[in-house]
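For 11-156, the entry in TrEMBL reads domain 'Phosphomannose isomerase type I catalytic'. Look at TrEMBL and you will find 182-268 tagged as domain 'Phosphomannose isomerase type I helical insertion'. What TrEMBL records for 346-389 is domain 'Phosphomannose isomerase type I C-terminal'.
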Amino acid sequence: MAKANVDHKLKRLRAWVQNYEWGRSGAEAEVARLMALNSGAEIEPNKPYAELWMGTHESGPSILVDDDEQNVGLELKEWIDQNPNVLGVQVLEKWGSHLPFLLKVLSVGKALSIQAHPDKELAKELHKMKPNVYKDDNHKPEMALAITPFTALSAFISLQWKCRENEELKQVLEDTPEIVELVGVSSAKQVMDIEELDGADKVKSALRSVFTQLMSASKEMTTKAISKLKSRLVLESELRSLREKEELVLELEKQYPGDIGVLSALLLNYVKLKAGEALYVAANEPHAYLSGDCIECMATSDNVVRAGLTPKHRDVQTLCSMLSYNQGYPEILSGLPLNPYITRYLPPFDEFEVDCCILPKGSSAVFPAVPGPSIFLAFAGEGTLKIGSWEGLVTEGDVIFEPANTEITVTATACELQIYRAGINSRFFHGL
C-alpha cells in the first residue's frame, strides 16, 4: 500500500529540528525519536533535541518529500504560495497565502526562559527595530498539550484573594526577604498595603513596580540575594519539609546559578499538567516551560521577549512594560471529546486548535472535511489514511499536510495509533 502523499491532496513533510540547549539529550527526547522516524537522521546521544517544527516559519520550514519531481525538496510555504487554494477561501481572506499556525513537539530537559510573546502591534514595532532578534511581525499565542507529566510557570500569582494555597503575593513577600531586599521596601509596601476593595489598576501598578524592580536588579545584588535564599532554604529543609515552589527554586538555581529568574519564579503560578491536559498562553503573559514533553501549537511566529532563566538575549525593559499583569491561576483545558477516539483542544485564538486521536487496533475515526488546512503528526503506531477510494499507509513519525475541504478516515492496523492534528480554530469558521 502507498504512503500517504501518493494522493495528490496530501503532502508528506520532513519536519525541522531545533537543538536548543534546554532540550532533552539523545534518545530520551521524544523530539529525537520522531526526528529519526520522520527523516531517517541518526540520533546523537549527547546532543539536545528541543523542538520539532511542522509548518512554514522561515526559521524551521517543513519540506515536501517523496513527491513528484517538480515538488520534491520544495518548502511547504513555497508549495502553498503556488497552490493557495489548499488553504480554503476563508483562510485566504483572513491570512492571505500564509499557514496561520505552527505545530511543534517539545522535549524539555531544563527550564526555558521566563518570557512573554508580544501582541500584533508590539510585534510589528519590535521586528522593525530589531529584526535580528524579533524575526517576524506576528503575535504568538500558544498552547502546550502534555504528552508526559509537564511542568510550567504561567501568569502571576494572585495578590491575596481567591488564591491557591501558599501561592499569594503578599505571603511570598513576607516569606522571602531576599525579594524585598532587591525590590526595595517602598515597592514591597505598595503590595502589602493593598486592600480587597482596591481597584484592579492599583493592584496591577503595585505588581508592575515589584516585578520591574526585581527584574532590573544588578547582577551583583541578584547573585548575593540568591545565595542567601539558597542557604536559608537548605537550613530550613533540615527543620521542615520545603514547599513545592521552594524545591523548584533550588532546582532552578542549579540550572541557572545567579539568574534573576530563580527569584521571579516565586511570583508566577507553578503549573503541573498530566498527560492529556493543556495550558494556553495569550500575548503579554509571563511563562516558562520547565520539564516534560508536549505537543505545542501557536500562531506562526518565533517572537520571544526574554528576561530570566536564559543565556540568550534579554530585553528586560520591553518585557516589564509589555506585560498585562493579570493575576490568577491559568485555565487548564482537558479537551472536548468529539467521539470515543478524538479529543479537541480549543484555545481562545483564531489561528489554531489541536485534536488528539487515539485509536485501538482495528478501530477507525473520521476527520470531517473542514474549510481550512490541517497538519497531522503520527505520534505512535501505524495504520491507514483513506480519502474516497484512495488508501495509504501512515506510520509513527509521519507528518502530513492536508488541504482544506478534505475528509480523512484513519484506521489503526497492527497496533494502537496515536495521531495529533493541528488546524484553524473551528470557532473561526462559525463566526464565534
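The backbone N, Cα and C atoms fix where each Cβ goes, glycine too.
Within its own chain, the domain 'Phosphomannose isomerase type I C-terminal' (346-389) has Cβ neighbours under 8 Å at 1, 4, 7, 9-10, 13, 34, 54-55, 86-91, 94, 99-101, 103, 105, 141, 143, 145, 147, 276, 278, 280, 282, 295, 297-300, 333, 335-336, 338-339, 395-429, counting only residues six or more beyond its boundaries.
Per-residue confidence over the domain 'Phosphomannose isomerase type I C-terminal' (346-389) averages 97 (mean pLDDT, predicted model). Across the domain 'Phosphomannose isomerase type I catalytic' (11-156), DSSP classifies residues as 41 helix, 42 strand, 63 coil.
Across the domain 'Phosphomannose isomerase type I C-terminal' (346-389), DSSP helix (H, G, I), strand (E, B) and coil residues number 0 helix, 24 strand, 20 coil. Remark: secondary structure over the domain 'Phosphomannose isomerase type I helical insertion' (182-268) totals 63 helix, 1 strand, 23 coil, with classes taken from DSSP.
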